[in-house]
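K.L.:
Supplied in structure tokens, the structure appears directly below.
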Amino acid sequence: MSHKIQGGSVVEMQGDEMTRIIWELIKEKLIFPYVDLDLHSYDLSIENRDATNDQVTKDAAEAIKKYNVGVKCATITPDEKRVEEFKLKQMWKSPNGTIRNILGGTVFREAIICKNIPRLVSGWVKPIIIGRHAYGDQYRATDFVVPGPGKVEICYTPSDGSPKTVYLVHNFTESGGVAMGMFNQDKSIEDFAHSSFQMALSKNWPLYLSTKNTILKKYDGRFKDIFQEIYDKQYKSQFEAQNIWYEHRLIDDMVAQAMKSEGGFIWACKNYDGDVQSDSVAQGYGSLGMMTSVLVCPDGKTVEAEAAHGTVTRHYRMYQKGQETSTNPIASIFAWTRGLAHRAKLDNNKELSFFAKALEEVCIETIEAGFMTKDLAACIKGLPNVQRSDYLNTFEFMDKLGENLQLKLAQAKL
């Protein structure tokens, strides 16, 4: 390349353990040699989050709000063991949750597909992108054990002082049982709808919302009605212009349809459905190491991309002992490419758009040419049958990607 591409403003969040090492390699070998970025870096390592009382996470989220593009390395969400290991002041919350709460928006997961990596669902030749509405429902519910016979009622008391409304949930006559009250908010459902419609337009794929509105006529019916109203008023003409569509589906029909389909659609799920189906779909494609995660805000303008996997602690322990590792960097690389592609779209930067696409193609072409990490070799041959000659180690694979990217960009005469 005769010159560096001017990339614009990007917020970068460093992470923990093996993914932190890979993150630095990605910047050094694949990004910085070709792209000149106005980079705003935040160290989200567990040590720095502890040192700053997690203020660094909030600062990073505010920076994403300002610059509209964030790329994030995987981070540790501490449990009791981690609190002990790092002598933390407290059990800090998930950085992803903190960022999502500040930005709003919906998390969309998408599989990265290579022809030579077998899929459990062989018919899925295109990704299925799942958008999970990560607010409310069972996750904010009040549930309790009903100790014995009696009535369970739900009461709504209007804040304007008008009469309250009481609904009978169940009259327990012979014994107790269990009960739950859950909720969602129109504003949150509206934001979920906008993020989903924006994602469909950007991918140029159809969108399906799944609910069980035949049973939960009012509750799930509200999701269905809000989506339909927003679609008809604000998105229908854009969808038709792009020759894509939006449809509501019953969750059981949708699950069956997804299994039979070839992929190539966005699936908007309520909170619990999204929790379950995103893992089920991820497994169907074969590997979490090949799964991207993108937070899309309702404005369609603000995006944060990351890998859908963790910090790969087991490999980091090996790395610390000086042992060889073969850690898959693909999802972390795609966090960068998705972030840069969005930056390119916002700025109408054709060179940057080409670069992001070229780097994604290099990743897939390299694997399809037989150069891969151990986890992918295991997908093909089965772990007990994998020999050392079947895969590259962490650093060899990054070098191979670097070589192939250099070749591709030279051929393109950028």
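Here the Cβ of each residue, glycine as well, is placed from N, Cα and C on the backbone.
According to Swiss-Prot:
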type	residues	note
MOD_RES	Ser2	N-acetylserine
MOD_RES	Tyr42	phosphotyrosine
BINDING	Thr75, Ile76, Thr77, Arg82, Lys260, Gly310, Thr311, Val312, Thr313, Arg314, His315, Asn328	NADP(+) binding site
BINDING	Thr77, Ser94, Pro95, Asn96, Gly97, Thr98, Ile99, Arg100, Arg109, Arg132, Lys212	substrate binding site
MOD_RES	Lys81	N6-acetyllysine
MOD_RES	Lys126	N6-succinyllysine
SITE	Tyr139	site 'Critical for catalysis'
SITE	Lys212	site 'Critical for catalysis'
MOD_RES	Lys224	N6-acetyllysine
MOD_RES	Lys233	N6-acetyllysine
BINDING	Asp252, Asp275, Asp279	Mn(2+) binding site
MOD_RES	Lys321	N6-acetyllysine
MOD_RES	Ser389	phosphoserine
MOD_RES	Lys400	N6-succinyllysine
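Context for these features, please: burial, neighbours, distances.
P.N.:
The secondary structure of Tyr42 (phosphotyrosine), as reduced to three states from DSSP, is extended strand.
In this view, Thr77 (NADP(+) binding site) is surrounded by 17 other Cβ atoms within 10 Å of its Cβ, with every protein chain counted. In the three-state DSSP scheme, Thr77 (NADP(+) binding site) falls into the coil class.
Of all Cβ atoms in the protein chains displayed, 27 besides its own lie within 10 Å of the Cβ of Pro95 (substrate binding site).
Counting Cβ atoms from all protein chains shown, Lys81 (N6-acetyllysine) has 8 others lying within 10 Å of its own Cβ.
Within 10 Å of the Cβ of Lys126 (N6-succinyllysine) there are 13 other Cβ atoms, across all protein chains.
The local packing around Tyr139 (site 'Critical for catalysis'), expressed as other Cβ atoms within 10 Å of its Cβ over all shown chains, amounts to 11.
Less than 8 angstroms from the CB of Lys212 (substrate binding site) sit Asp220, Leu250, Ile251, Asp252, each of them six or more residues away in the same chain. According to DSSP, Lys212 (substrate binding site) is assigned to coil rather than to any helix or strand.
Around Lys224 (N6-acetyllysine), the C-beta neighbours below 8 angstroms that are at least 6 residues distant in the chain are Leu209, Thr211, Asn213, His248.
Long-range Cβ neighbours of Lys233 (N6-acetyllysine) (same chain, at least 6 residues apart, Cβ-Cβ under 8 Å): none.
For Asp279 (Mn(2+) binding site), no same-chain residue that is 6 or more apart in sequence has a Cβ closer than 8 Å to its Cβ.
Counting every protein chain shown, the Cβ of Lys321 (N6-acetyllysine) has 7 other Cβ atoms within 10 Å.
Within its own chain, Ser389 (phosphoserine) has no residue 6 or more apart in sequence whose C-beta sits under 8 angstroms from its own.
Lys400 (N6-succinyllysine): 17 other CB atoms within 10 A of its CB, across all protein chains.
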K.L.:
Could you state the CA-to-CA distance between Lys81 (N6-acetyllysine) and Thr313 (NADP(+) binding site) to the nearest Å?
P.N.:
13
K.L.:
Starting from the Cα of Thr77 (NADP(+) binding site), work out which of the recorded positions (Tyr42, Pro95, Arg109, Lys321) are within 10 Å.
P.N.:
Pro95
K.L.:
Please identify, among the recorded positions Tyr42, Pro95, Arg109, Tyr139, Asp275, the one with the smallest Cα-Cα distance to His315 (NADP(+) binding site).
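P.N.:
Answer for the nearest of the recorded positions: Pro95.
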K.L.:
Using other CB atoms within 10 angstroms as the count, which residue among the binding-site residues Arg109, Lys260, His315 scores least?
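P.N.:
The binding-site residues Arg109, Lys260, His315 were compared, and Lys260 has the fewest Cβ atoms within 10 Å.
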